[in-house]
Amino acid sequence: MASVSPLAKFKLVFLGDQSVGKTSIITRFMYDKFDTTYQPTIGIDFLSKTMYLEDRTVRLQLWDTAGQERFRSLIPSYIRDSSVAIVVYDVSNRQTFLNTSKWIEDVHRERGQSNVIIVLVGNKTDLVEKRQVSISEGEDKGKEYGVMFIETSAKENFNIKALFRKIAAALPGVDSYSLATKSDDMVDVNLKTTSNSSQGEQQGGAGGGGGCSC
């Protein structure tokens, strides 16, 4: 009988201040939904996704952390054994951007600077009129810390798939990032770029939006 290869597991921890949209990014990716009713994460939430790549199957473990100060003491233990750290800020709130330095430094302190993939994510690009952080500032900070950078809008579904393509391409041993999810595993996810989805993502960031966006 042929041996069964073990399922590769990668732990992704989402970090950032309260209300920057960490949960909304995960919800958009997992269920292709956006919840307009904001409910802050209490402590740590966990979701898991099995994905097929062209050469193997992997399981992504998504850990959603609370941004409130009173939960900060819980976070280092979740960073410690993570494969990927996604540090999220709100492009319409400059202080959340400034605070990403602390989050990135927390990751470096717990994991070192070479043993973890870090992605800096500027979320809520749909709030065009309220933007306080430019794309170039995000790019510069990414270069400063030697981390990947991308902007997203969970509300408009802008660059959400691109974010996870970026992550998938950087995972150890992953040469291809055409992904699909088991039909019985929550929701079907296909991260292969198509002309329609690319156009949708390109247009998503241009749409203005008022009110709360995560």
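Any Cβ shown, glycine's included, is placed from N, Cα and C.
Among the features that Swiss-Prot reports, GTP binding site is placed at 16-23, 64-68, 123-126, 153-154. According to Swiss-Prot, the motif 'Effector region' annotation covers 38-46, on the basis of similarity to another entry. According to Swiss-Prot, the compositional bias 'Gly residues' annotation covers 202-214. The S-geranylgeranyl cysteine annotation in Swiss-Prot covers C212, C214.
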For T65 (GTP binding site), just count the other CB atoms lying within 10 A of its CB, please.
22
State the mean pLDDT for the motif 'Effector region' (38-46).
62
State the three-class DSSP label for G16 (GTP binding site), counting H, G and I as helix, E and B as strand, and everything else as coil.
coil
